[in-house]
Amino acid sequence: MGKDFKSMVTRCIYVGKENDNVKKLKTATEELKDLRNIVMKRVKMYEDQQKLKRLEKVQVWLRQADVAIKEAEEMLITLMSSSSSNGSSMMSFHKLDKKLCKKLKEVQEIKSRGTFDVVVENSGIGSGSMMISNVDRDDQTVGLEAVSGLVWRCMTVDNTGIIGLYGVEGVGKTTVLTQVNNRLLQHKLNGFDFVIWVFVSKNVNLEKIQDTIREKIGFLDRSWMSKTEEEKAGKIFEILSKRRFALFLDDVWEKVDLVKAGVPPPDGLNRSKIVFTTCSDEVCQEMGAQTKIKMEKLPWERAWDLFKMNAGEEIVKSHPDITKVAQEVAAKCDGLPLALVTIGRAMASKKTPQEWRDALYILSTSPPNFSGPIL
């Protein structure tokens, strides 16, 4: 009876005196599990959607968190079984309590290191997104090869950081930009850590640009939406200033204050690049383009070849009247690759002279407006 009474007293002393630490360990372990799940969810999202690679420090932390959670849960089970055992001594409780305090500090310390601004990095496959465009098709690159090659060369030299592509709508600016973007990704980024595509258009929305950039660089913090524009810019600058990036801005109508958005200016040290498309030479000046590339309309011979490729040479030559009208239709495209490809493909199913004459009439009375990439 005395022995049982002593064990009961021992348990009462432990439960009464040390229960706070048990509660703290339970709480800290649950909080660590929640944080671990949040980090893993972020990592998996970027790995699955953008084929990025988790940072080594994040992987190490996840392993440490898993081990700490497992050991803490085992310790809590042991404590529960020990407190219900009649054979437990005051000495064994003291030993367990020392281990409990040590484990509590470990769990809290690991939890304190679980806040990551960035959880992923370039895996060598691509941190950007392939833009939708069948850029390997010959019918789309006729007349654009030289410009695409020139932009690509600018991407490989250190003395040109900002490149502006300008020309009238439909001349193929977005198509060239798409080609370079996809080529970078196909070449495993060619030394760039981030490849970022932003569609700008009219009425510049700096916040939208910041949100697009932060998604591409792997920054996903719950507090992002509550940050001010300046705070967002600071986070973007903090990350991009340490990495080499290629930023593609499509359809720029007016100056975009990239410094205000948090984008570090490209220079010979960071070797980053900013490439944008615009209809205006003036915008090129305002954006500080070090290299300006004007895209011209195609000369007639190349325009006619591009049109025939898309309409189908057999159809174009199938009837003398079709050939004559086809040349007039192609001329209405005014040397614009986008118009030549789009209308050419639309005419590929027209096999009678009358269908071609009808199309020519429509083009003559209601000329379409072409802009965007050649798809």
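The backbone N, Cα and C atoms fix where each Cβ goes, glycine too.
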Labelled coiled coil by Swiss-Prot, one stretch among 17-49, 83-115. Can you tell me which?
17-49
Based on DSSP, name the secondary structure state of Thr174 (ATP binding site): helix, strand or coil.
helix
Where does Val168 (ATP binding site) sit by DSSP, helix, strand or coil?
coil
